[in-house]
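Engineer: Structure in structure tokens, see below.
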């Protein structure tokens with residue numbers, strides 16, 4: 001631009017133009033022009049670009065936000081379909097309506113709608129021979145259409161259709177001719193959620209509103225689905241806030257194939273909402289609120305209580321006993337962790353104690369069933385049995401016999417895995433991020449447990465997104481895990497009805513387990529090589545760490561040498 005100004009400037013009035021100069025004079029003039037260009041560049045003359053419109057008064061931009069359309073090849077390719085990646089000079093974070101959170105919520109609502117349609121095949125109605133309307137589950141429709149959901153058969157199996165209060169209602173089932181008293185088999189908060197949904201369904205049936213002519217179980221399923229959808233949206237919201245500058249990582253949750261298949265298979269989205277909310281409260285330095293939310297999650301499914309273990313380990317590592325007050329907010333890490341654990345325990349007891357006092361047999365049913373339950377079809381123990389013919393740790397058992405040895409071994413394996421994860425958390429050169437240890441603990445629980453119901457995998461979705469934000473890797477695992485549903489349904493259909501043999505299903509389960517193990521290996525690798533962790537680039541420490549974020553990482557001389565950090569790395 002400067003060169004054009006100096007060389008191609010029109011001649012002054014009365015002066016000869018460049019093209020009228022003689023060859024020698026032109027060469028001299030070109031040399032002078034070049035010197036002027038060099039002098040202008042040397043003096044750093046600014047080049048001023050004129051905007052076609054007046055500049056905005058506020059030019060603030062969230063430039064440190066991760067831009068997947070530029071940093072991730074998969075996202076960049078997908079963005080080409082909608083106009084390409086974000087521009088070089090874009091002002092980030094100034095869109096009035098379509099903020100990242102609202103975009104992800106729109107994605108999530110779309111996927112949840114498709115998930116509902118996937119289950120809708122199992123709430124179709126048809127009259128029987130007597131003209132009475134009922135669900136069309138004839139000829140294994142729930143397996144052929146792959147629309148099975150626990151919520152539909154449990155409405156009658158748990159006697160919710162009778163309007164009875166869970167844990168109070170008792171019925172008798174016969175296994176091998178022996179009677180067994182039965183009650184609601186879910187933790188208290190999940191059972192109360194089913195009871196509340198039943199009440200709304202019965203009120204809707206009697207209201208005369210559009211849709212009231214549908215079967216009561218159909219209305220019940222829709223009510224449950226609405227509540228679970230709200231819970232999953234809360235999970236995405238909390239996880240997006242936990243992701244910090246990598247807010248778009250939560251889009252993997254909104255578009256997850258696992259959610260597409262299992263959002264409404266059972267009631268697990270309730271627990272994920274409480275777990276994500278608890279982690280968010282901890283990240284906001286509210287340990288008591290974090291404990292309350294994790295305690296509520298533990299009253300819905302036990303796994304949110306496992307999140308307290310990594311919090312304790314990391315706070316133990318960050319504790320400095322040589323100072324009266326911590327240098328990062330006046331809150332001692334162990335005191336904060338203790339407050340969270342105490343709040344979780346009090347909350348869990350507050351929810352469970354009334355039911356346990358009024359209906360002790362009904363309250364114990366969840367624990368009794370989990371104690372007596374045999375190896376689940378998609379546990380690692382059943383996979384070994386399927387391919388080797390092994391009869392299991394306890395041999396062949398009857399329906400009401402307790403697999404004592406299996407319970408002991410699975411618990412011992414989980415405790416050993418937790419001990420190893422705790423050792424990693426204490427001895428890694430740089431303190432691991434909370435999300436990394438939380439993911440490892442929950443993954444270890446699923447891998448070693450005798451039960452891994454298909455919907456349990458959505459527990460890992462928000463934790464994996466926060467611990468290992470590698471989009472292609474996570475999408476590959478989610479797809480593998482979601483596709484296990486196909487051989488599962490056709491295995492349940494039975495070979496006699498054109499289903500699949502058991503090994504097709506257990507082989508898919510083994511592949512799923514290997515994928516989860518691979519994720520654990522990658523997380524551990526990034527713990528020991530924090531430079532490869534995408535979250536910790538650009539000087540970020542631990543967005544979800546709360547009081548641990550950017551906290552000093554002491555040598556911990558009070559710990560045995562085996563548990564001290566190796567070559568501590570200072571926080572940038």
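Just so you know, glycine gets a Cβ as well, placed from its N, Cα and C.
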Engineer: Which range is it, out of 193-212, 453-472, 473-492, 493-512, that shows up in TrEMBL as transmembrane segment?
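Structural biologist: It is 473-492 that TrEMBL describes as transmembrane segment.
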Engineer: For the transmembrane segment entry in TrEMBL, name the matching range from 143-170, 255-282.
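Structural biologist: The range carrying the transmembrane segment annotation in TrEMBL is 255-282.
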Engineer: Which range wins on Cβ pairs under 8 Å with the transmembrane segment (217-243): 101-118, 288-316, 409-428, 434-452?
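Structural biologist: The listed stretch sharing the most Cβ pairs with the transmembrane segment (217-243) is 101-118.
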Engineer: Considering pairs 6 or more residues apart, do the transmembrane segment (255-282) and the transmembrane segment (473-492) have at least three CB pairs under 8 Å?
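Structural biologist: When sequence-distant Cβ pairs are counted, the transmembrane segment (473-492) touches the transmembrane segment (255-282), since at least 3 lie under 8 Å.
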Engineer: Before we move on, state whether the transmembrane segment (409-428) and the transmembrane segment (288-316) share at least 3 Cβ pairs under 8 Å, counting only pairs 6 or more apart in sequence.
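Structural biologist: In this chain the transmembrane segment (409-428) contacts the transmembrane segment (288-316) - 3 or more Cβ pairs sit under 8 Å.
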Engineer: May I ask for the residues of the chain that lie six or more residues beyond the transmembrane segment (337-359) and have a Cβ under 8 Å from a Cβ within it?
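Structural biologist: For the transmembrane segment (337-359), the far contacts come to 167-168, 183, 188-189, 282, 287-292, 294-296, 298-299, 305, 308, 311-312, 315-316.
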